[in-house]
Every structure is written in structure tokens, then in C-alpha cells.
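A.B. asks: First the structure, which I've put down as C-alpha cells, then a few questions once you've had a look.
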Amino acid sequence: MHLSMGGLLPGLALLASANALALALPLESSVYTVQVTNPFHESLFSCPAASWPKVKLGSENRSQEPSKDLKKILSQISPKRIEATIRKLVSFGTRHTLSTQTNATYGIGAARDWIESEFQRYANASDGRLTVAVVGYDQQPDGRRIPFPVRISDVVATLKGEGDPERVYLVSGHYDSRNSDALDYKGIAPGANDDASGVAVSLELARVMSQRGLPRPKATIVFAAVAGEEQGLYGATFLAQSYRNSSANIEGMFTNDIIGSSTADDGTREPHVVRLFAQGIPPLNVEDQAMRERRIMIGGDNDTPARQLARFVKETAENKHTDMEVSVIYRLDRYLRGGDHRPFLEAGYPAARFTEPNENFAHQHQDIRIDKDPKTGMDIQYGDLPEFCDFDYISRVGKVNAAALWNLAMSPGMPRNVRVNTSDLTNDSKFTWDPPAGGNALVGGYEIVWRSTNAPFWTHKMDVGMVQEATIDLSKDNVIFGIRARGKNGERGVAVLPFP
């Protein structure tokens, strides 16, 4: 199929809307606080960098509006339920991985059993759509944060897809906690933000998405609560390797870790922003040195599977219905920190991490106490307590997750073997691809998307129909291309970078 230039592409207008900022100087403090007062600003999918090359081809790539079913899902995510979940998890005293697993009211075993019972309660009301399992293994001493053998258990709820059930998307939070001493498994460690907040989102999404009044998703969605994160990402590593060993087709994984507060240690509030960390070049065990060199040669280091997944989230989950801005961070994680998305990346799966915009380290990995602030000398409350959580904010982060997961699960999977022809010196670009792993049953057509090489998100698109090759009059030297499938229901999937 050959597509020549034709049709006028409307000029991309840079949206001028910006957050209204209210600056206030509290009388009792000399610290300026910046508060975002505009709850929503429209998504930016164009930028000055995207103005060249100028082409009269295709159309503007716009954000994807939520479907009727997705709007229903978003409307039912409850801050009160999220708060109740977090307070219940805190009530177990500590959820340290090494803590007791036999006490019915204290320790990680009690938390595990309660999480399982909640998932099972939702499963019982789902008419068989949701199934629940506790999976795990016995971890031996590691010479670091596991001094004696301990059982690592993950609680997993699976919403089986209908249409392409072998394609899987997974969302997780970790239910273990810690205080100042990573090996203190007896002391109180409430872990409200880190990471009861993430577990609360997994539970709430399972509740809402599995209800009888909704259609089944096309692909399978897994909701997980994992253990062992604070001791070395053990639960997530076990889960990722279990899926890899069974050759599972996981096309996207999100972990929600520290999503509980929108307020920084200096009082700065950004209640309508969430960070999404997305890795660049994959690990060498996923892409070998030769593949890595090819990626670098074509300028594809910013178009890894994880970053394509993040672009999809930006395009589908940043809107007035979620009331959130998704700030994509082109980095694996924060400095000196790690998260449960990493084992999935190392297993070869696209994965990314949601985290609040500004962290207060007095409320993470701390013994509960009142102590001096090293900056101000004033007494402050230390500890990861529920009183420092913003439950409305957590529910909005949950909506971002829901929008991304539902759109992913209702759209076709990623095209495979996506190639760009470089056999001749030409000023056009020829592409070939194979259908998604699940075949063409859900596919209504394919789209070529592109952006300027220094633009962060897709700015243009062209529908090329139900084909597996296409040539367009736009030089591959000047832009970054992607190929994505469009569903018969109109839902667009994740784009894939073409390799020579």
C-alpha cells in the first residue's frame, strides 16, 4: 500500500492553558508554598519541537476519550474505601516481611490473609469473572536483609479477558512495610503511604472492574499485592519470573508505590500530578549488545517498550475524567530507590512505576516519633502514618491506573516484527509488520504515528487500514515512527518502534 501526500494537516496549536498558581506566605513560617489551584489542564500532545518537519500528511494525534464503560469505572473509585483499606492495613502493627505469619491480628501473615479475603469477597460478587490465589516460595537467607528463612507470599486476583485472554496487564502494590531499621520485624511499621496506598489501589480496581454490570475486558487484568519489596523486591521478582517461566504475554505492568500524598516536606502541594517512571534502554539480558547498538544507531533509546507504555498512559489517562496530569519521567526510578516494576523489566516485560510528585522522607522508612527537623530545628512528627495520606489524591491516582488498564485491555495488542525498510536511499518510509500475538480478531486497522525526534509524545497519526505494510511520503531520517493497532471498537493500542 502506498500513501502519497494529500489532505491538509491542521496546524498544531500549542495549548496555552497552564496551571494557575497561588503563592502564599504563611504567617507562621518563612517558607513559600506553591499550590496548584487549577484541578485540570488539557493534555499537551504538541510542542514547539514538533513543528518541524512541516508535512501535509495524516492528522493530529489527540488523546483518547474514555468509553462509557470506563467513565462508569472511574466514577465508582471511592476515596472512602481506599481510606478504609489503608487504615485496616496499618492496624496490623507491622507488615515487615520477617514478622509473624501465624498471628491473626498482628504482622504480615494477618495482612496477607485479610487482603486475600477482600479479593475473595470481590470475586464472590463477580459471577465467576475474578479468581484469587496466594502464590509464593521460601526465601533463604541472603546475607543482607533476609537473616533467616521466610515465606514470601503474593496475593493475586485475575480478571480473565474475553477475546484475547492470553494477553495480560498487571497492576501491583506491595503490602510489606518497614521502619528506620530494615531488619526490625517486631517494631511498629504502619506503612500507610509505603505502600498500603498502592495495595489499596489494586484492591479498589479489582472491586470496580470485576462487577457484573461491566463487559469483560478483551485482555486479562491481574491485580496483585506482593511482599518482600523492602527486603529486596522478592515478591515481585518471584511473580515476574513465574510469568516468564510460563511464557506469559504480559504487555504492560504498573506498580503503585508511594502514591499516598501530594504534599512535599516544604509544604508544596501538587494534588493533581502523579509521576510515572519509565526506563530507557532495556537490560542486557533482555536486549543483547547487538540489539542495543541497533537501537542507539537509529535513535530508539527513547522508544523502548516501557516508554511506549508511558506514552500510552499519558494519552489515555490524563484528562478531565481522571483530573490528573501524568508527568512521565524518563528514568527507571528515583535516585537511591527501587520498585517492583524492575523485576518485570528484567524479565522482558514493559513496566513503569507510579509515584507521588513530591516526597516527604520524614514519612517514609521512619520510626514513629517526634524529633527535630534537621533543616528548621523544629519538632516534627516522623512515621508513615495515615494522617499524612491524601485519600482523594490516591483515588485520582487509582483513576489514572484504571483508565490506562481498561484502555489497554480493551484495545488490540502490540503489532509484532515491526520493520522499516532501509535497503535503498529514499525520502519516503516503508513499513511492514505482523498482527499482535492474539491475531487480527480484535483489529479494525493499523495506524502509523510519528513525532519530531526531540518531541516527547506522538503528535501525528495516519490510519492505513487493515494492511500489514505501508509506505508514506515522509523521511524516516527526520522523525520517530511507531506502528499501532486500532480495535474494531475504535480503541487504539500501544505503538511499537520499527527497526531496520
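The backbone N, Cα and C atoms fix where each Cβ goes, glycine too.
If you look up Swiss-Prot, you'll see His174, Asp194, Asp257 marked as Zn(2+) 1 binding site, on the strength of similarity to another entry. For Asp194, Glu230, the entry in Swiss-Prot reads Zn(2+) 2 binding site. Taken from Swiss-Prot, the feature domain 'Fibronectin type-III' applies to 414-500. According to Swiss-Prot, the N-linked glycosylation site annotation covers Asn61, Asn103, Asn124, Asn245, Asn421, Asn427. The signal peptide feature in Swiss-Prot is assigned to 1-24.
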A.B. asks: Give me the sequence-ordered set of same-chain residues, not including His174, Asp194, Asp257, with a C-beta within 8 angstroms of the centroid of the Zn(2+) 1 site's C-beta atoms.
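C.D. replies: In sequence order, the nearby non-listed residues are Gly173, Gly191, Asp195, Ser197, Gly198, Glu229, Glu230, Thr255, Asn256, Ile258, Gly339, Asp340.
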A.B. asks: Sequence order is fine: just name those recorded positions in Asn103, Asn124, Glu230, Asn245 with a Cα within 10 angstroms of Asp257 (Zn(2+) 1 binding site).
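C.D. replies: Those close enough: none at all.
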A.B. asks: Please name which of the binding-site residues listed here, His174, Asp194, Glu230, is nearest in space to Asn245 (N-linked glycosylation site), Cα against Cα.
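C.D. replies: Sorting the binding-site residues by distance from Asn245 (N-linked glycosylation site), the top entry is His174.
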A.B. asks: Between Asn124 (N-linked glycosylation site) and His174 (Zn(2+) 1 binding site), what is the CA-CA distance rounded to a whole number of Å?
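C.D. replies: With distance taken Cα to Cα, His174 (Zn(2+) 1 binding site) is 24 Å from Asn124 (N-linked glycosylation site).
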A.B. asks: May I ask which residues of the same chain, at least 6 positions away in sequence, place their Cβ under 8 angstroms from the Cβ of His174 (Zn(2+) 1 binding site)?
C.D. replies: Asp195, Gly198, Val199, Ala225, Val226, Ala227, Gly228, Glu229, Glu230, Gly235, Ala236, Thr255, Asp257, Asp340
A.B. asks: Mean pLDDT for the domain 'Fibronectin type-III' (414-500), rounded to an integer?
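C.D. replies: Taking every residue in the domain 'Fibronectin type-III' (414-500) and averaging pLDDT yields 97.
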A.B. asks: Using all protein chains shown, find which of the glycosylation sites Asn61, Asn124, Asn427 scores highest when you count other CB atoms within 10 A of its CB.
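C.D. replies: Output for this query is Asn61.
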A.B. asks: Taking the Cβ of Asn245 (N-linked glycosylation site) as centre, how many other Cβ atoms lie within 10 Å?
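C.D. replies: Around the Cβ of Asn245 (N-linked glycosylation site), 9 other Cβ atoms lie within 10 Å.
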A.B. asks: Among Glu230, Asp257, all listed as binding-site residues, which has the most CB atoms within 10 Å of its CB?
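C.D. replies: Ranked by Cβ atoms within 10 Å, first place goes to Asp257.
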A.B. asks: From the Cα of Asn421 (N-linked glycosylation site) across to the Cα of Asn103 (N-linked glycosylation site), what is the distance in angstrom?
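C.D. replies: Spelling it out, the Cα of Asn103 (N-linked glycosylation site) and the Cα of Asn421 (N-linked glycosylation site) are 62 Å apart.
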A.B. asks: Let me know how many other Cβ atoms fall within 10 Å of the Cβ of Asn103 (N-linked glycosylation site).
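C.D. replies: Asn103 (N-linked glycosylation site) is surrounded by 13 other Cβ atoms within 10 Å.
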A.B. asks: Under the DSSP assignment, what numbers of helix, strand and coil residues are found in the domain 'Fibronectin type-III' (414-500)?
C.D. replies: 0 helix, 43 strand, 44 coil
A.B. asks: How many neighbouring Cβ atoms, not counting its own, are there within 10 Å of the Cβ of Asn421 (N-linked glycosylation site)?
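C.D. replies: Around the Cβ of Asn421 (N-linked glycosylation site), 16 other Cβ atoms lie within 10 Å.
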A.B. asks: Where does Asp257 (Zn(2+) 1 binding site) sit in the DSSP three-state scheme?
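C.D. replies: Asp257 (Zn(2+) 1 binding site) sits in coil per DSSP, no helix or strand.
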